[in-house]
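*Asks:* Sharing the features that Swiss-Prot gives for it:
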type	residues	note
BINDING	Arg23, Glu79, Lys118, Lys450	(6S)-5-formyl-5,6,7,8-tetrahydrofolate binding site
BINDING	224-229, 243-249, 268-271	GTP binding site
BINDING	Asn224, Thr243, Ile245, Thr248	K(+) binding site
BINDING	Ser228, Thr249	Mg(2+) binding site
DOMAIN	214-374	domain 'TrmE-type G'
Amino acid sequence: MYTKDTIVAIATPQGNGGIGIIRISGIDALAIAEKLTKKQLKPRYATFCNVYNDNEIIDHGIIIFFKAPLSYTGEDVVEIQAHGNPFILNLIIKAALNCGARMAKAGEFTERAFLNNKLDLAQAEAVADIINASSEIAAKSAAKSLQGDFSKEINNLLEKLIYLRMYVEASIDFPEEEINFLEDQKIHSSLEEIYKVILAVKNSCKQGVILAEGITLILVGKPNAGKSSLLNALAGKESAIVTSIAGTTRDIVKEHIQINGVPMHIIDTAGLRNSDDIIESEGIKRAIKKIQEADQVLFVTDDYTNSQVKFSDIKEIIPEFYDQIPKDIDITYVHNKIDLLKEVPHNHANHIYISAENNIGIDKLKEHILNKVGYTNQNESIYTARERHVTAINNAFEHIKLAKEQLELGNGELLAEELLIVQEYLNSITGEFSSDDLLGEIFSSFCIGK
């Protein structure tokens, strides 16, 4: 058990509120709490009492003692529920520090829960995901991960994989058993089952990352093409100033919305053109930089001279910026102002026709965006995931494919080696084998007090 010292932090958000919670965890948590309250605390009882700094009353509230290992961290934990005034809470923190506690680092309570086997690494990350979820579906999916749905799937997969590894390695170590790799259907069927499960988890992880991290959309195009109007139409409110004057948007304008429960981070940028205006030029530089960070680019145009516009044609539309736009970026061409046309072309491939001002075609555009990122809305089976999970699963998938190749070639030792590599990648998801650097990076992204 992790029992180095005792930590303290405010567990509720900053600012004023009806209640503020202070969390203390560690070997001296009970002793410190009893010094602060001058009470003997019973495990799992709510005790209403004063909180003192020496003999001076700071506040009164409810104190709950959770005796190890039946606590969030697996250590002795005390929660002090006081009035939610930052000055009062900080006075209680100072009193706890005077009694021997130290300030917790970001995510240290959850890190201790992980080190004390109360949570695996995927569940620990889900704690942050559920706190930061920006949609109802994202919150529900994070709850599934926190309950262990993702971890159970990985652990079930590991169980099958380890059994297969043992079987393969036994056949190598004990050749007298005369197992023929090319003919043994047990190995073939087990490997094929593992392959299919990893593929399914791979697809689920992709959905989970979309829900956990959202999609970043960048609106780009020439001035006055209707980018700001499109931002307002997608957001359903007036987020950006819209005028008939080209170059109105001179800086980055951000809006966070949901499309079918999927978080979307939409960024409106300055119109791309050569400008002598220092402020507008800086906005254009920022726009180019943001394009490189996008999951998708919505290239807004009101030019209908070529409805079959392709990426190479952007060189003609904005030649001065063509070389600065990544050639592998996912671009949807949004043809705006169709209300001015007598005949509206049909949507096709990456070309969507809309009128942002009149809200025509916006739903079709939203549907197109979700399809482009591969979101399937199967929220009953989706759990949140991180990019590192996707990387691990993708690597595991590549090596399980190599394992199948080695099986077909009859290379038992290389097959066993590939299975071991797959196991290591899967173990990294739940934290079975994780470096201190990785753990530090993960938990440092948490808020203080969690």
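Glycine too: its Cβ is placed from the backbone N, Cα and C atoms.
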*Asks:* Tell me the Cβ neighbour count for Glu79 ((6S)-5-formyl-5,6,7,8-tetrahydrofolate binding site), meaning other Cβ atoms within 10 Å of its Cβ, over all protein chains shown.
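*Replies:* Total other Cβ atoms inside 10 Å, all chains included: 21.
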*Asks:* Between Glu79 ((6S)-5-formyl-5,6,7,8-tetrahydrofolate binding site) and Asn224 (GTP binding site), what C-alpha distance do you get in Å?
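*Replies:* Cα of Glu79 ((6S)-5-formyl-5,6,7,8-tetrahydrofolate binding site) to Cα of Asn224 (GTP binding site) measures 56 Å after rounding.
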*Asks:* Taking the Cβ of Lys227 (GTP binding site) as the centre, count every other Cβ atom within 10 Å, in any protein chain shown.
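*Replies:* There are 32 such Cβ atoms around Lys227 (GTP binding site).
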*Asks:* In the structure shown, which of the binding-site residues Arg23, Lys118 has the fewest other Cβ atoms within 10 Å?
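*Replies:* With the binding-site residues Arg23, Lys118, fewest surrounding Cβ atoms within 10 Å: Lys118.
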*Asks:* Averaged over the domain 'TrmE-type G' (214-374), what pLDDT does the predicted model reach?
*Replies:* 72
*Asks:* So which of the binding-site residues is most packed in, judged by how many other Cβ atoms lie within 10 Å of its Cβ, out of Asn224, Ser228?
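*Replies:* Its Cβ has the most other Cβ atoms within 10 Å: Ser228.
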*Asks:* At the Cα level, what's the spacing in Å between Arg23 ((6S)-5-formyl-5,6,7,8-tetrahydrofolate binding site) and Ser228 (Mg(2+) binding site), rounded?
*Replies:* 45
*Asks:* I'm trying to understand the geometry here, so how far is the Cα atom of Asn224 (GTP binding site) from the Cα atom of Lys118 ((6S)-5-formyl-5,6,7,8-tetrahydrofolate binding site), in Å to the nearest whole number?
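*Replies:* Cα to Cα, Asn224 (GTP binding site) and Lys118 ((6S)-5-formyl-5,6,7,8-tetrahydrofolate binding site) are separated by 55 Å.
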*Asks:* Please state whether DSSP places Lys118 ((6S)-5-formyl-5,6,7,8-tetrahydrofolate binding site) in a helix, a strand or coil.
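*Replies:* Reduced to three states, the DSSP call for Lys118 ((6S)-5-formyl-5,6,7,8-tetrahydrofolate binding site) is coil.
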*Asks:* Would you kindly give the Cα-Cα distance separating Lys118 ((6S)-5-formyl-5,6,7,8-tetrahydrofolate binding site) and Lys227 (GTP binding site), rounded to the nearest Å?
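*Replies:* With the alpha carbons as reference points, the distance is 48 Å.
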*Asks:* What three-state class does DSSP give Glu79 ((6S)-5-formyl-5,6,7,8-tetrahydrofolate binding site)?
*Replies:* strand
